[in-house]
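Right, one structure below, let's go through it.
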Amino acid sequence: MPETMRDRDRLLARFLVSTEQMQQIESKIFAAGMPVAALMEKVGGLIARRFQILYPRTTHQRVGILVGMGHNGGDALVVARELYVRGYEIAIYVPSEQLSELTNQHYCYVSSLGVRIVDNVKDLTDCDVIIDGLFGFGLNREISGNLFEAIELVNKSQIPVVSIDLPSGIQADTGCVLGIAIKATVTLCLGIWKLAFIHEQAIAYLGRAELIDFDIPLADIQQILGKQPTITRMTADRAISNLPLPRSSITHKYHEGHLLLVVGSAQYSGAAILSSLGARATGIGMLSIAVPASLKPVLLNYLPEALIIGCPETEAGTIKSLPELDFNKYQAIACGCGLTERPSKVVKQILAANCPIVLDADALNIIAKLGTEISLSNRSQPTILTPHIGEFKRLFTKIPTTNKLGAASAATQASGAVILVKGARTVIAHNGRSIVIPDSTPALARGGSGDILTGLIGGLIATDRRADLDIAEVVATAAWWHSQAAILAATERSELGVDPLTLIHYLNTVISTDSNNLDCDI
Ligand SMILES: NC(=O)C1=CN([C@@H]2O[C@H](COP(=O)(O)OP(=O)(O)OC[C@H]3O[C@@H](n4cnc5c(N)ncnc54)[C@H](O)[C@@H]3O)[C@@H](O)[C@H]2O)[C@@H](O)CC1
Ligand SMILES: [K+]
C-alpha cells in the first residue's frame with residue numbers, strides 16, 4: 001500500500017476541487033485503465049453501504065430514489081439495486097426522458113428486476129427516506145419544469161433526503177442555487193470535497209456532509225491540484241500540528257512568546273478582557289495589555305498574571321496615547337478590540353512596529369479611514385486583518401464581496417496583508433493561497449466571539465518560534481480552534497449556551513480532546 005490509510009484520510013480531508021479539476025482527475029483514472037462502469041459500480045456500492053448504516057432497513061424500509069439523466073443518476077440506480085436486493089422497498093422516479101448510456105443500462109437492469117418505477121414524484125411521498133441522484137457536478141443550467149416541481153415537492157415533504165455528491169440544484173464550484181435545490185439531510189460527497197461545500201450560500205442545503213473516499217490515487221490528485229494547492233481546508237490534524245504543543249520540557253516564559261494587546265475603552269472594557277483571555281488560552285509566556293488607565297483594575301481582576309499598561313486616556317475613556325514602549329520586546333501585537341475609532345494615532349504608531357500585527361474591529365475602521373493600502377505599504381513584517389464582511393466592505397471598497405473566497409484573495413493581493421474574513425465559513429488568504437475553515441456553528445454569532453479570536457491569533461503568532469513560520473497557516477489554526485471550541489460548547493450546552501466566557505473555557509478543553517482523539521477523529 002503506497003500510503004497509510006491514516007495519512008491518506010488526513011490528506012484527503014484537506015483537498016478541495018473544482019468541477020474542471022475533478023473531471024481532469026477522473027480522466028486520469030479512466031486513462032490509466034479503470035473502466036467507467038466499474039468506477040460507478042464501486043462508488044454506488046460505497047454509497048449503499050453507508051446508507052444502510054445511516055438508515056437501516058428496520059427503521060427506513062421504504063426508499064424513494066430520484067434519478068437524473070447523467071452519472072449522478074447512474075450512481076443512484078446502482079444504490080437502488082443494492083438496496084433492493086437487501087430487502088428495502090424501492091420506488092424510483094426518473095423525471096428525464098433521455099438517460100446517458102451507462103445510466104440507461106442500469107435503469108434497464110433495475111427495471112428487469114421488478115423494482116417499482118413511479119410516474120409521479122408524489123408517489124415518493126410515503127417513503128421513509130429519499131435518495132437524491134438528480135444532478136452532481138454536471139449541473140450547468142437553471143433547473144426548470146418537472147425537475148423543479150420534483151425538488152419543490154421533496155423539500156416540502158419533510159422526508160429525510162440523502163444527496164449523492166451534491167444536493168441537486170447546487171452548482172459544484174460556486175455553491176449557488178440554480179433555480180431550486182434539494183435540502184439534504186445528509187450529503188455524501190464523492191471522492192474529493194467539491195468547492196460548493198465551502199460557500200456559505202450552500203450551507204442551508206447540505207445537511208450533514210460526509211466524504212465517501214473511493215480510492216482516487218493521491219498522486220493523481222496532487223498532480224492536478226499541485227503540491228501546494230491554492231485552496232485547502234483546515235483540518236484537525238493540520239491545526240493541532242501548528243499548536244505550540246508539546247512544550248519543550250526545559251522551556252521558560254521568555255521562550256513562549258510575548259504578546260502586546262492594545263485594546264479597550266471605558267465603553268468597551270469587555271472586549272479588552274475577552275481578547276486577553278483568548279490570548280491567555282494559547283499558553284503565551286508573557287502577556288502585556290495596554291488599556292486606558294482606568295481599566296487597569298478590572299483587567300487585573302481577570303488576568304492577575306498579565307502586565308497591564310495603563311495608558312493616558314481621553315475624557316471619553318479611550319486610549320489617548322501609548323506610553324514609551326519598546327516594540328522590539330514583543331513577538332506580536334494585536335490591536336483594535338473595544339478601542340473605538342478615536343485612537344487613530346495609536347494605530348499609526350503600532351503600524352510602525354517591526355513585528356507581526358493583528359488588526360481587528362476598530363483598528364480596521366481606523367485604517368479604512370486612513371486608506372488600507374497606504375497604511376500597510378511600509379510594513380516589513382506581516383499584517384493580519386480580520387474583518388467580518390461589513391468591515392471588509394469598508395476596508396476594500398472596490399472589491400466585490402459576492403464570492404468571499406475571491407474577495408479575500410483580491411484583498412490580500414491589493415494590501416499584501418494576511419486577510420481573514422469571518423463568517424459561517426471563515427476564509428484566510430495570503431500569497432496566492434486560501435485556507436477555509438470548513439465547520440462552524442451559529443452559536444458564534446454573538447458579541448465578544450471575535451475579540452476572543454483576535455487574542456487567539458495574536459497569542460499563537462507570538463508563541464510560534466518556527467523559522468519557516470507560515471503566518472496564514474497559524475491564523476487559520478486559530479480560526480479552526482475557535483470554531484471547534486464553539487462546536488463542542490454548543491453540543492454540550494446548546495447553541496444558546498456559548499457565551500464568550502464559556503467559549504474561552506472550551507478552548508483548552510477542545511484541544512485536549514482533539515489531540516487525544518486524533519487517531520479516530522479526522
Ligand atoms: N468524477 C468521478 O470521478 C465520478 C463521478 N460520478 C458521478 O457522476 C456525476 C457527474 O456526472 P455527469 O457529468 O454525468 O453529471 P450529472 O449527473 O450531474 O448530470 C449531467 C447531465 O445533466 C444535464 N443537465 C445539467 N443541468 C441541467 C438542468 N438544469 N436541467 C436539466 N438537465 C441538466 C446535462 O446536460 C447532463 O446530461 C458525479 O456528480 C457523481 O455522482 C461517479 O459515478 C463515479 C466517479
Ligand atoms: K445529487
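From the backbone N, Cα and C atoms, a Cβ is placed for every residue, glycine too.
Where the annotation comes from TrEMBL, it is an automatic prediction and has not been curated.
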Record-annotated AMP site (TrEMBL): member among Gly390, Gly448, Gly450, Gly455 besides Lys422, Gly423, Ala424, Arg425, Thr426: Gly450
Of Ser18, Ser27, Ser168, residue recorded by TrEMBL at the K(+) site of Asn72, Asp132: Ser168
Cβ-centroid neighbourhood (8 Å) of the AMP site, Lys422, Gly423, Ala424, Arg425, Thr426, Gly450 excluded: His388, Val421, Val427, Ile437, Ser440, Leu444, Ala479
Between Ser168 (K(+) binding site) and Phe137 ((6S)-NADPHX binding site), the C-alpha gap once rounded to whole angstrom: 9
Of the binding-site residues listed as His71, Asp132, Phe137, Asn140, the one whose CA lies nearest the CA of Gly450 (AMP binding site): Phe137
DSSP-derived structure type at His71 ((6S)-NADPHX binding site), helix or strand or else coil: helix
Segment-level pLDDT (mean, integer) for the domain 'YjeF C-terminal' (236-514): 95
